[in-house]
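For reference, the structure discussed in these notes is given below.
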Amino acid sequence: NYLGVECTITAVKMVEKVEKLALPCLPVGEGPHWQEDLQALLFVDVFAKKLRRHFINTGRSQELYLDDGDSATFVSMVIPVEDDPELMVVALGKNLSVVRWSVDDPNIHTTKPKVLHTTTDHRFNDAKCDPQGRLWAGTMCPLDDKGKPLEYNNCSLYKFDHDLVCTSWVKKVTLSNGMTWSHDRKSFYYIDTVAEAIYHFDYDDEAGSISNQRVLLNYPEAGLQDQRPDGMTTDVDGNLWVACFGGRQVICVDPKEAKVIRKIAIPSKNVTSVCWGGKDYSTLYVTSGTLRTTPEERAAYPSSGGTFAVTGLGTKGTPPINYKVNLDKLK
């Protein structure tokens, strides 16, 4: 009550909306990355060895098949190159490679990748660029048909600097997955899916180094025993948004409190990764897969393997970082 005027404040509750994009359901969709200049979602079709790009404003979709002579079975990530956005760095099996892909290419197209680096580990998996544009790429151990590791703790997380120099930073990894950085550039968050943990590291932005590894969130201890952490991103408030493989959801984690503060249901059992996009970065794009789901599960969730847009979350993200690499090294 101010100067005799009755004032009423009504809290507006944000209600999220989950919509499946007009894209096919995939065995595994992964590695979403927003291309702001195109207003397009870029991601990988893992088992088809394809890059996919969906233009949100027009509904156009492009597919790029990566013809590497059948040396690899999977493509696991794609990140555009800064200053030449038609260049994409991709992970194909053991190889970190580069391809060129234009919006002027046919909607269904094929290209041959150029190999930049070959790992001695089983194969690459997820990757992300740090605030300075250096590329961090993790590897993973082989899995059996049921998704169980055939080996443990013999892969790593690597950093590729602006000149493609590769250094190892985390060893004894089984299945490298999501990674993201805090806005103050002092923390790095990283997932080993088989360890069922989100890790927290101290991060030196200038040096591009990480140290002091500790567990931020243990999935079983957080009551998430039936699922595992996969891809991850950060919102403007510094909270982590984590895809839950096997959990039909994305969770939001407050890293300061080390606890889950929100859960968003996704109509697909195996949720694989997340990224922010849209005109103002208030849309959370979510990839998923039908891999290792039963016919009954797919019938109950017909959108399984879909790619989703989640809106109405009351928060948003920031633009993704492309790989800032010496272009002469890619020639």
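In case you wondered, yes, glycine gets a Cβ from its N, Cα and C as well.
Note that the structure is a prediction, hence the values are computed from the model and not measured.
Around the Cβ of Asp230 (active site, proton donor/acceptor), the number of neighbouring Cβ atoms within 10 Å comes to 27. The active site, proton donor/acceptor feature in TrEMBL is assigned to Asp230.
TrEMBL lists Glu30, Asn177, Asp230 with the feature divalent metal cation binding site.
What TrEMBL lists as substrate binding site is Arg123, Asn125, Asp144. Taking a C-beta cut-off of under 8 angstroms and a sequence separation of 6 or more, Arg123 (substrate binding site) has the following same-chain neighbours: Ala72, Phe74, Ser76, Ala91, Gly93, Lys94, Thr139, Met140.
Summarising the annotation, TrEMBL assigns domain 'SMP-30/Gluconolactonase/LRE-like region' to 28-289.
Close to Glu30 (divalent metal cation binding site) in the fold, though at least 6 residues off in sequence, lie Phe43, Val44, Val46, Ser76, Met77, Asp126, Gly231, Thr272, Ser273, Thr287, Gly289, each with a CB less than 8 Å from its CB. The recorded positions near Asn177 (divalent metal cation binding site), taking a 10 angstroms Cα-Cα threshold over the set Asn125, Asp144, Asp230, are Asn125, Asp230.
Note: the CA-CA distance between Asp230 (active site, proton donor/acceptor) and Asn125 (substrate binding site) rounds to 11 Å. Taking a C-beta cut-off of under 8 angstroms and a sequence separation of 6 or more, Asn125 (substrate binding site) has the following same-chain neighbours: Ser76, Met77, Ala91, Gly138, Thr139, Met140, Leu175, Ser176, Asn177. Across the residues of the domain 'SMP-30/Gluconolactonase/LRE-like region' (28-289), the predicted structure has a mean pLDDT of 97. Surrounding the centroid of the Cβ atoms of Glu30, Asn177, Asp230, where the record places divalent metal cation, the chain contributes additional residues within 8 Å, namely Gly31, Asn125, Asp126, Gly178, Ile191, Thr193, Gly231, Ala243, Phe245, Thr272, Ser273.
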